[in-house]
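> The structure follows.
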Amino acid sequence: MHDANIRVAIAGAGGRMGRQLIQAALALEGVQLGAALEREGSSLLGSDAGELAGAGKTGVTVQSSLDAVKDDFDVFIDFTRPEGTLNHLAFCRQHGKGMVIGTTGFDEAGKQAIRDAAADIAIVFAANFSVGVNVMLKLLEKAAKVMGDYTDIEIIEAHHRHKVDAPSGTALAMGEAIAHALDKDLKDCAVYSREGHTGERVPGTIGFATVRAGDIVGEHTAMFADIGERLEITHKASSRMTFANGAVRSALWLSGKENGLFDMRDVLNLNNL
């Protein structure tokens with residue numbers, strides 16, 4: 001990677017998240033917008049990326065081919081769909097480019113592909129790039145160690161009507177943080193739906209509930225409920241810029257790293273708390 005500004009490429013530049021990633025890249029010192037990508041056939045191809053994001057002219061035009069911009073970036077930032085992200089991952093691995101991956105909804109094979117690629121390139125892969133959410137994950141580990149064995153644990157998440165995966169990647173990360181603190185595997189204790197005559201709640205399970213409505217950016221609550229009291233830890237996002245800023249900050253953090261798989265807690269040094 002270059003010693004000067006880290007040059008980033010933004011996938012899905014015309015989407016809601018893509019435009020805010022462009023804004024964040026243009027605003028953060030030490031980062032340079034090197035490329036912006038959209039799908040083949042998009043009406044946005046050829047547009048100026050800065051103007052597309054409402055940030056003024058940059059001279060970076062939206063392209064559809066990674067090959068065409070392979071010399072213009074050091075780190076690829078991707079918040080698109082799993083199938084597209086995995087294609088981008090293969091390209092970045094082949095060409096020695098770092099990646100920041102905020103895409104959610106990967107199956108186990110997709111996650112394994114990311115782990116495999118990290119042997120050759122540096123990757124920050126996180127379900128949520130908000131500072132607050134990652135502090136919350138640390139708090140959940142602490143709460144679970146104290147209260148997790150005797151309380152009923154539920155995770156409730158809400159997002160906008162356009163979100164296509166459920167539960168959210170952040171909700172799953174919350175469940176994994178709690179399960180790990182309790183020396184459990186989330187696959188063995190998660191309950192994702194309840195309908196009809198379910199019987200009494202099974203002790204030791206982690207329940208998930210999902211809301212999809214309107215323009216909710218993202219709300220997540222973990223509940224540790226006992227008889228007579230309950231603890232709720234909640235994070236509410238009011239703007240996607242919190243995720244965009246965290247992702248671009250992660251790209252800058254990757255400077256000088258040749259390979260390895262990291263998450264936002266590494267970027268924020270939360271693992272040492």
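Note: Cβ is positioned from N, Cα and C throughout, glycine not excepted.
Found this in Swiss-Prot, in case it helps:
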- His159: active site, proton donor/acceptor (ACT_SITE)
- Lys163: active site, proton donor (ACT_SITE)
- Gly12, Ala13, Gly14, Gly15, Arg16, Met17, Glu38, Gly102, Thr103, Thr104, Ala126, Ala127, Asn128, Phe129: NAD(+) binding site (BINDING)
- Arg39: NADP(+) binding site (BINDING)
- His160, Gly169, Thr170: (S)-2,3,4,5-tetrahydrodipicolinate binding site (BINDING)
> Do you know which of the recorded positions Arg39, His159 has the most other C-beta atoms within 10 angstroms of its C-beta?
His159
> Nearest by CA distance to His160 ((S)-2,3,4,5-tetrahydrodipicolinate binding site): which of the binding-site residues is it, out of Gly14, Arg39, Asn128?
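Its closest listed neighbour, by Cα, is Asn128.
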> What residues, ordered by sequence, lie under 8 A Cβ-to-Cβ from Arg16 (NAD(+) binding site) and sit at least six positions away in the same chain?
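Counting only residues 6 or more apart in sequence, the Cβ neighbours of Arg16 (NAD(+) binding site) under 8 Å are Arg240.
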> Relative to the Cβ position of Gly12 (NAD(+) binding site), how many further Cβ atoms are located within 10 Å?
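Step by step: centre on the Cβ of Gly12 (NAD(+) binding site), count other Cβ atoms within 10 Å, giving 23.
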> Fewest other C-beta atoms within 10 angstroms of its own C-beta: which of the recorded positions His160, Lys163 fits that?
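Fewest other Cβ atoms within 10 Å, among the recorded positions His160, Lys163, is found for His160.
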> Neighbour count, 10 Å Cβ-Cβ cut-off, for Ala126 (NAD(+) binding site): what number do you get?
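Counting Cβ neighbours of Ala126 (NAD(+) binding site) within 10 Å gives 26.
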> How many other Cβ atoms are found within 10 Å of the Cβ atom of Gly14 (NAD(+) binding site), counting all protein chains shown?
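Its Cβ shell of radius 10 Å holds 21 other Cβ atoms.
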> Applying a 10 Å Cβ distance cut-off over all chains shown, what neighbour count does Glu38 (NAD(+) binding site) have?
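I count 23 other Cβ atoms within 10 Å of it.
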> Would you list, in sequence order, the recorded positions among Gly14, Ala126, Asn128, Lys163 whose CA lies within 10 Å of the CA of Thr170 ((S)-2,3,4,5-tetrahydrodipicolinate binding site)?
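Within 10 Å Cα-Cα: Ala126, Asn128.
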> With a radius of 8 angstroms around the mean position of the C-beta atoms of His160, Gly169, Thr170, what other residues of the same chain does the (S)-2,3,4,5-tetrahydrodipicolinate site pick up?
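These residues sit around the (S)-2,3,4,5-tetrahydrodipicolinate site: Thr104, Ala127, Asn128, Glu157, His159, Lys163, Asp165, Ser168, Ala171, Gly218, His220.
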> Do you know offhand how many angstrom separate Asn128 (NAD(+) binding site) and Gly169 ((S)-2,3,4,5-tetrahydrodipicolinate binding site) by C-alpha?
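Gly169 ((S)-2,3,4,5-tetrahydrodipicolinate binding site) has its Cα 7 Å from the Cα of Asn128 (NAD(+) binding site).
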> Out of Arg39, His159, Gly169, the recorded positions in the record, which is closest to Ala126 (NAD(+) binding site) when you go by Cα distance?
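It is Gly169, whose Cα lies nearest.
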> Relative to the Cα of Glu38 (NAD(+) binding site), which of the recorded positions His159, Lys163, Gly169 has the closest Cα?
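Considering only the listed recorded positions, the nearest one is Lys163.
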> Please report the Cα separation of Arg39 (NADP(+) binding site) and Gly12 (NAD(+) binding site) in Å, rounded to an integer.
7
